[in-house]
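Q: Below, the features straight out of Swiss-Prot:
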type: DOMAIN; residues: 8-290; note: domain 'tr-type G'
type: BINDING; residues: 17-24, 88-92, 142-145; note: GTP binding site
Amino acid sequence: MARTTPIERYRNIGISAHIDAGKTTTTERILFYTGVSHKIGEVHDGAATMDWMEQEQERGITITSAATTAFWSGMSQQFPQHRINVIDTPGHVDFTIEVERSMRVLDGAVMVYCAVGGVQPQSETVWRQANKYHVPRIAFVNKMDRTGANFLRVVEQLKTRLGANAVPLQLPIGAEDNFKGVVDLVKMKAINWNEEDQGMTFNYDDIPADMVDICEEWHNNLIEAAAESSEELMEKYLGGEDLTEEEIKGALRQRVLATEIILVTCGSAFKNKGVQAMLDAVVEYLPSPTDIPAIKGINEDETEGERHANDDEPFAALAFKIATDPFVGNLTFFRVYSGIVESGATVYNSVKQKRERFGRIVQMHANKREEIKEVRAGDIAAAIGLKDVGTGDTLCDQNAPIILERMEFPEPVISVAVEPKTKADQEKMGIALGRLAQEDPSFRVHTDEESGETIISGMGELHLDIIVDRMKREFKVEANIGKPQVSYRETIRTRVNDIEGKHAKQSGGRGQYGHVVIDLYPLDPEGPGYEFVNEIKGVVIPGEYIPAVDKGIQEQLKSGPLAGYPVVDLGVRLHFGSYHDVDSSELAFKLAASIAFKAAFAKANPVLLEPIMKVEVETPPEYVGDVIGDLSRRRAMVSGQEATDFAVKINAEVPLSEMFGYATDLRSQTQGRASYSMEPLKYSEAPKNVADAIIEARRK
C-alpha cells in the first residue's frame, strides 16, 4: 500500500499551554476547519471532542493527551494536502509527565497563550520541557476578544519571561469587543474572516489606515529576522533590495527549525478568528519528520545507533502513552520513527526483550477511531492487543533491535493510604490500581509492610484525587483515603556492653529457661543495616539455640521500642549466657534475647530518624526571598542557588514531614510561577522536640 501523504507533508505537533489559555478550544477549531468535526465542541458546555474522560469534561481541564489526525491544504487551498497529527497536552502542573512524554514524540509545537493572562507559570515549565527536547515552536496568542487583551504585551513577556526570540508574524486588528481580524505581516494584507460560516471563508483587504505605520514597523522587524538567516539575504536586505515572499518564508522556516526564533500569531479560537492562519503557519514553518535530526538509540551491542524518518529503514517506534479504552482494553499510542509495520505483524519490545504482536492499528480522532492496515515512518497511531508494553518502551524490527532514548520519569512526591470501602472492592481495587499504574509511570502503588495498608504515590494532590476519582468511575471501586504518611526509623547512637536477658519459669514440672548476655553497637548507615555476631566460647549456650537468639532480636527490629518504627543500623554481639538441660528451649532463648535487646536499646541512646528529601525549586528571581523564608520554616537546609536569566534554582534538603501541602503553598507564594521537584535523599536524626511529639502521638 503506497503512502497517501508524502512524509515531507507530515506535521506532528503538540498544542501546549497553561490551564485556561484556551488550548482545548483551539484544538477543537483545528478539527473543525480541517473538516474532521462537524459541530464545534465547546469546553464550557462540557462537550469538547478532545477532552474525552468524564473528569476532564466536568473539571474543564485536559488530563490525557489525546492524539488525533487531521488534513489541511491552507486557508485558500494554496498547499497540497498536509497531514497534521495533533497531540493535545494537559496544562496542569500535576500532569507535567504527560507533557514531557508528548514532547518526546513531537516534531514541533504550538504554544497557546492567553492575550490577557500572558505567560503564566505552567507556560514556563512547558517551555523548559520544549527546550530540553529542542522542539521548534510557534506561538498563538488566543482570547484576543477578551477584556484586557494585549497582543504586544504578551510578545514582550515571551522575551522577558521565557528568553524567547519572539517575532510577530501578524498583528491584531482591534482588541477586546472590537477584535476584527489580523494583519499578515509577510503579505502586508488584512485578513477578515466571515462570521456567517464560522470563519470557514475570509477576505484579504487593505490594512486599516490607522494601522499602516505600526504594521510597517513590525513588517521590517520580521524581514530583519528573516535576513539574519544567511549572509546572502542580509547583504540583499542591507543593499535596500526587497526580499520575495518565498525568500522571507524560507528564511523564517529555517530559523524556526533551528529554534532561533518563535513566530507569534494571534486570534480568538472562540470567535472563530485566527486559528485558520495559525494552521497555515504550522504547515509553512514547523518541521516535517524529515526536517529533524535522526532519533538516537542504543543497539544490541551497546553501541550508539540511529533511525532516520524513512520507510526503507528497519521499523522502530516509541510507545508514549497507554490508555484504557472501555471497549477494547489497552490502547498503546506510539510514534513511528522509521520503517513500516502492518497490523498482525510481530515486533520486538527491546526494553522488555519480548516479542509482541500488533493486533489492530487504529488512528484516533479524539476518542473515535478508524482502523488502518499499516503505519509508516512519521505516523502516530494506537495499537490494540499489545500485552506487555509500558510507556517509553521501544517497538522495533526483531532483526534490527534498538532501544530509542529512554524517557526519564520523575519520582512521586506524595503518598496516601487507600482502603476499599467493602470486601467486594478489595480485589477490584488491586486490578484498578495496577491498570492505572501501567498507564501512568509517575503513579506508584505498594503495600506498606508495617501497616499492611495499600499506599499510592503520585505527582501532587490533584494527581491522586484524579486517580481515586478514576477508580470510582471507570472501575466502580469505592475507596477511603488516609492522611499523607511519613515512614520514620529508629536506631542507637552509643555502644552498650554486657546487657543481660533472662527468661526463667521453673515452678515445678517442665519449665522454661533462657539466659543471654549481649553487647549492642551502632553501624554505619551505608552498611548492612543489621549484623549478629556469635562469640559464645565452649558450651555455655548449645549451638542449636544460637539461631533462636538472632531470630528473637530480629523480631524486635520490625517494631522498635521507641515508637514502633523499624530499627536500623545496629549490631549485636552475643558473648555469654547459660542454659538448663531440661527447661531450655528455642522459645525460651528467643524471649531472653528480646528482653536483653529492649534493655540494651533503652541504654544505647536511642534516636528517631526521619526521611530527608532533596528538593529543587525553580522560581522567578523576584520570589527567591519568600521561597527561601518558607523553606527555612520547614526546617530546610538550603544547599545552593543557581541563577539563569529568567529563573533561580534553589537546592535544599527538607524533612518529608514538612513538605505536605507544599505544592499549594508554593503556588500561592509565587502566583503559581514556581515549580519544584523532590526525591528521597537519606534518613537523619529528628530534632528532639520533633521526635518527642511523634513518639508521644504513637503512644496514645
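Glycine too: its Cβ is placed from the backbone N, Cα and C atoms.
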Q: Can you tell me whether DSSP puts MET144 (GTP binding site) in helix, strand or coil?
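A: Where MET144 (GTP binding site) sits, the three-state DSSP reduction gives coil.
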Q: If you run the three-state DSSP split on ALA17 (GTP binding site), which class comes out?
A: strand
Q: Around the Cβ of ALA17 (GTP binding site), how many other Cβ atoms lie within 10 Å? Please give the count over every shown protein chain.
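A: 30, counting other Cβ atoms within 10 Å of ALA17 (GTP binding site).
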Q: State the count of C-beta atoms found within 10 angstroms of the C-beta of MET144 (GTP binding site), not counting that atom itself.
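A: Cβ-Cβ neighbours of MET144 (GTP binding site) within 10 Å number 30.
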